[in-house]
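Features as listed in TrEMBL:
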- A:398: active site, GMP-histidine intermediate (ACT_SITE)
- A:94, A:202: Mn(2+) 1 binding site (BINDING)
- A:201-205, A:323-324, A:372-375, A:379, A:398-401, A:474: GMP binding site (BINDING)
- A:233, A:323: Mn(2+) 2 binding site (BINDING)
DNA sequence: ATGTAC
């Protein structure tokens, strides 16, 4: 992206001036280098989103932004409930894809020599890969209960602990889900897929806390140097994908009938205040619950593996946050609180200290903002800031962000070399799809340090801890 | 991301 097309507000805040069909300006939070390395399509997508009806304040891109389906991945946009739209492409196909981090009472020394065996045990226990099915099989009735109940449902069925729920966005259950708005095809795809990791950039990592940046916040999060943590990155599997597919088509069909045109085919949308918009929201919220339940079931399985290998070990849920959602939230606009529908596509919520939606144990530090790196590189545990509310409706980056497309990466990296490099770095990698390792090569992603630095300099979040991987399970 | 194409 050419920096000359932007207006610099400060070193980490850049404006895309309003031109053409844009209803609001664009705004990119990143440093000069990250912006220069972003594809031109990111700028085009920021502008396209800025032209959608009812958008409020600006169309935002986070420092990890790269080209996505319609919206950039790393895109944030909020819409007025009366005049605005909801976009199936703006949420994406992997509805409520997200990260949860579990903090153990083990330290790296406790794992000495046993990381490969732990990786093997997790690899054999956790189903993963495209089309994988899990040990949990749901009847039609149970599936609907899951879609309505999310992680609350999962806990009620014996997966995990009640205490986990406080540490999940929406307290483990997204309100307003309408399972009857989810197609039978989507349900059929999901009924045997609960408790599976998926593929692509999804992973399960055993990590060690490498550095603490903020003692007070890290203390509240229960993080100490050398401590072992587990991160689970996955989403709503086939169900979310099918909901996205179903409603993109409906949004196109509806637009064709009513003579509405889209700035980009991939930005198909419907008015929030329409029947179709409400149906999509009901289905999409069911997808959020599926992702929350899925990560809850996986947590239970990880705890079982740890309990067998390390008797007496505990894994407490630090936090679970989704990064592909559209949620109704109240934000300050021009000094007035307004209900808005916030799309976060590859972007993480970042609530500052004292926010009423935070559980009491986390309120003083702000929401854990879980920023997953690529295989082999560090991940960051940031904390939400009060300033994030004024930056991008309390949002921050969600990961390192791709620097290369999957196709480019597959051409550029040999899977064997990727695996050897990671083993050399001391990361035990176990992958269901050997060839897929190319697409996930660390070199295919941006520099996580640069992304986290930019996010924190732009005050989207604040640094609390950096963790590095010991073992990585891939789909 | 994904029963990697209907």
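Using the three backbone atoms N, Cα and C, a Cβ is placed for every residue, glycine included.
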Neighbouring binding-site residues, C-alpha within 10 angstroms of the residue listed as 'active site, GMP-histidine intermediate' - of A:201, A:202, A:233, A:323, A:374:
A:323
Among A:94, A:202, A:233, these being the binding-site residues, pick the one whose CA is nearest to that of residue A:324 (GMP binding site).
A:94
Same chain, 6+ residues apart, C-beta under 8 Å of the C-beta of residue A:323 (Mn(2+) 2 binding site), given in sequence order:
A:97, A:98, A:99, A:344, A:345, A:346, A:347, A:348, A:398, A:399
For the recorded positions listed here, A:202, A:233, A:398, which shows the highest count of neighbouring CB atoms within 10 A?
A:398
Taking 10 A as the limit, how many CB atoms besides its own sit near the CB of residue A:401 (GMP binding site)?
27
Round to the nearest Å and give the CA-to-CA distance linking residue A:201 (GMP binding site) with residue A:233 (Mn(2+) 2 binding site).
8
Just the number: how many Å between the Cα atoms of residue A:94 (Mn(2+) 1 binding site) and residue A:233 (Mn(2+) 2 binding site)?
12
Neighbourhood of residue A:374 (GMP binding site), C-beta criterion under 8 angstroms, separation at least six:
A:201, A:399, A:400, A:440, A:441, A:442, A:444, A:445, A:448
List of residues, in chain order, with Cβ under 8 A from that of residue A:204 (GMP binding site) and at least 6 apart
A:122, A:126, A:128, A:197, A:230, A:231, A:232, A:233, A:234, A:298, A:302, A:472, A:473
Within a 10 Å radius of its Cβ, which of these binding-site residues (A:201, A:324) has the fewest neighbouring Cβ atoms?
A:201
Length of the line joining the Cα atoms of residue A:401 (GMP binding site) and residue A:202 (Mn(2+) 1 binding site), in Å
13
